[in-house]
Amino acid sequence: MQGIDVSYSDEVGFLTKGDRDWEDWIMQLLLMAKKEIGKDNAQEMSINFVDEDRSQAINRDYRDKDRPTDVISFAIEDGDDGLDLAMFTQDPDFTEDIGDLFMCPSVIERHSKEYGTGFDREFGYTIVHGYLHLNCYDHIEPDEAKEMFGIQGKVLEEYGLPLYPDQLDEGRGK
């Protein structure tokens, strides 16, 4: 399995908080999720850490929701154009640009308190959730949700950040 090239933009100084190597921690989760969904080709993406004002502006402008949110994903390939990436992935030099994540650490922190999950688990949930969206997973329909949340649950469990039992199929709710 080839890796993921992640470029970062950190408008809020998140990556330098504490003594954790956040980039390494994030990469471990991303690679586990990549393996779980069977993506062998090289990928690239960006992760942008933003404040609540920027998160709200993006959410309002692109999703018509006038509130800050934990993560917003902009997938390059949404699976709706009929393009078969398989013909490209056989090329050893092909790197799939999967898109961009905009993450708001202060909203993630607030969610961790609201849901009683702790920051690490909530952050892990959010990064894996966003990554799956960039890889054309969604949770609009019940069968899609079951698949997506099942993958999230497995990755987080293996990493030591388990979900609540009912989150494996239903999402975040307790």
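Including glycine, each Cβ sits where the backbone N, Cα and C put it.
Note that the structure is a prediction, hence the values are computed from the model and not measured.
When secondary structure is read from DSSP and collapsed to three states, HIS133 (Zn(2+) binding site) falls in the helix class. Residue density at HIS133 (Zn(2+) binding site): 21 other Cβ atoms are found within 10 A of its Cβ, drawing on all protein chains shown. Under the heading Zn(2+) binding site, Swiss-Prot lists HIS129, HIS133, HIS139, citing sequence analysis as support.
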Among HIS129, HIS139, the one of these binding-site residues whose Cβ has the fewest neighbouring Cβ atoms within 10 Å: HIS139
Sorted by sequence, non-HIS129, HIS133, HIS139 residues with Cβ within 8 Å of centre, Zn(2+): SER73, GLY130, LEU132, TYR137, ASP138, MET148, GLN152
Structural state of HIS139 (Zn(2+) binding site), classified by DSSP into three states: coil
